[in-house]
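Chemist: Below is one structure. I have some questions about it.
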């Protein structure tokens, strides 16, 4: 085939006036179709604003800056004060004579259609034992949108200056669907509750009453009715003394609601199970693809507006409205019924982030009314540039996380780092291409092209190599040819680009990098993509068939807690066994070293502890050797906890990353084969090209979502390092190593001039502890006193256990997650976030201690122990 044979797509990639493309914002807006129905230039900043606030909320929740209990307070403010004020204000001033009612009932019919389809299909295919709960909640998931917190800012950015009346439709559509569709879902959920508890008497009237009560308890519903009533009473005008009050509350809604949305996302993806993949994928497809298409087609069919421009704008608006992600209220409904949380909660998180690129690409496409090549290429370049800038920031963050946490030194993170690096170079190359294409510098264009496509092909190829490495890690027990994979991951793409440069025919008139070398480039791209897809597909299938289910049954969360407990737990089946109590008492009274050198050869174990006289201090050499062993974390318990907390979850993340990337590779190879066998571009091909551009230069967003938000790589290492530095400072400044475990605490590490001196006088030691305790904050002292006085003995009987440490056992230790669960169970903390803060106060107050004193208190599988005598840490070593 001859690429220069008068094909329309040739003009798509080449015949564009440079001045029109890279002019000012107004020119670019005109270049994208000449339509003024949307302010498209304001869309990207609006998306950054919304998702930036969501990300701030997520980080605050993940870092436990705001606990779950505190987040509930913010949620109550948003739902009971800010949102009702916003609804009341807008319903009072709403002009019903200016409403396009055909648009409203078109959206309602579309939502009802999707609701019925999802409900019927769920009843037909779901498990009979839980089909009513699924049939009730899944349709709500597929139809209820986040209209106010996320949808309103997007609509405002797009239509505030062109069609401001579109904003009022949000206030009408949301309550109508809530009142007419949600009650059906609630009835089905009530039926499921009745089936699960057949002894409870529920009449049909009572079930219907519960469903209606849940509807009218929603502030969106009753405030709409009140607002409509006052609309007629006040004549669509709010009194001046009330207007400022409502404005103050309403203006606080947007930021607070988005921040709260980020808080609610914390920990939700950990509930996702492999068995839920199919259902979740179908629900997200119904919400983000099927619903928008049905909304658009029904508005196109039922809207009778004579104005063609307004009619087209309404259909586009209907499509965008359908893309709005799932509302957090669906998660609240699932929590109230305690049903289908493992699907609804992660689905809300995933749909929120997936909706962003769909809204962005859809808005660009909707502004292009025809197949004119100029606005198509201009829009494609703008989308690629914007996505590249955002991906660069995300990839720099993700790479910094991997480097600072030193995860890159071991597999599979070593290969993941190469993948992220190739994605980063790709985005940088796209930014450079956006500027170099404006100049007639042939050498510069070729050089940037080599950088761009070597990195892009490398990112394609690394997806297949990463999948292969996961299989090799599984099959060959960690024996992976790393050098070969690294050479192949970078060498093969560079070799392909070199062949392309030498054999391909360059088109200097093209500004689209995807067609810079014409057909030869498309063939090279298709070959690289096909090889990577085949390699990834075969590797992932091999993993699925090799019994990998047990390793990533629960994504992003270790699923091996119970098995680890059964291996390490050396206690009797009764938690209050006399043996356990005596062992714990012996361990805490002696305050021995928590780790054993070489299976207990140097540090005393449980058996040898009974014969040791506490008044006889050990030799300096013996004690220093024990201290060195503890501080260098050579204890087998420490090695075990590191293995538990860094294994299975990361493998699951890599599998998920490969799955997402393979979807994008499939879209790219489809685009290549479409061009090779059918070179007449259609509307669907253009949409596919936009999707490919978003994927190629937005891979960093996927990597960031999977690895950039990992608390094990950000929050916990950042908390760990200041503690390590403080220990070094402590040694230099002649501070007592108050956080060193066991009877090694009698050592005082001094300056080289002072050497090592011993403190034999326990009375002097107690006075030092009292002085340090007096300097602790009041809340820490009160918490420690309350716990030691009233709860410590019960806690020891319930959670403190013996753990295996080589051939010996280490007495009196427990997991941090066990203490958190116990604090919540007995009522000392309202939730796990507050329980972590309670545990931190106990650690700072010297009541508990990590076995190697390496970590602060965490809700993780890390080993801690109770201290019989409170030993108050210095602030420098424990903060």
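Heads up, the Cβ atoms here are built off N, Cα and C, so glycines get one too.
Look at TrEMBL and you will find 790-868 tagged as domain 'DEP'. Residues or ranges marked as region 'Disordered' in TrEMBL: 562-585. Annotation source TrEMBL lists transmembrane segment at 43-65, 103-125, 137-155, 210-233, 314-335, 347-367, 387-405, 442-473, 480-503, 515-535, 655-676, 688-709 (among others).
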Chemist: Please list the DSSP helix, strand and coil residue counts for the domain 'DEP' (790-868).
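Modeler: Once the DSSP states are binned, the domain 'DEP' (790-868) shows 34 helix, 20 strand, 25 coil.
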Chemist: To the transmembrane segment (103-125), which of 137-155, 210-233, 314-335, 387-405, 688-709 is linked by the most Cβ pairs under 8 Å?
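Modeler: Ranking 137-155, 210-233, 314-335, 387-405, 688-709 by Cβ pairs under 8 Å to the transmembrane segment (103-125) puts 137-155 first.
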Chemist: Between the stretches 43-65, 210-233, 314-335, 347-367, which wins on the count of C-beta pairs under 8 angstroms to the transmembrane segment (137-155)?
Modeler: 314-335
Chemist: For the transmembrane segment (43-65), which recorded stretch in the set 210-233, 347-367, 387-405, 655-676, 688-709 gives the largest number of Cβ pairs separated by under 8 Å?
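Modeler: Ranked by Cβ pairs under 8 Å, first place goes to 347-367.
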Chemist: What same-chain residues lie close to the transmembrane segment (387-405): Cβ under 8 Å, and 6 or more beyond its ends?
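Modeler: Hits for the transmembrane segment (387-405): 48, 357, 413, 416-417, 420-421, 423-424, 427-428, 430-431, 434, 693-694, 697-701, 703-704, 707-708, 710, 712-714, 717.
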Chemist: Give, as a single whole number between 0 and 100, the mean pLDDT over the domain 'DEP' (790-868).
Modeler: 79
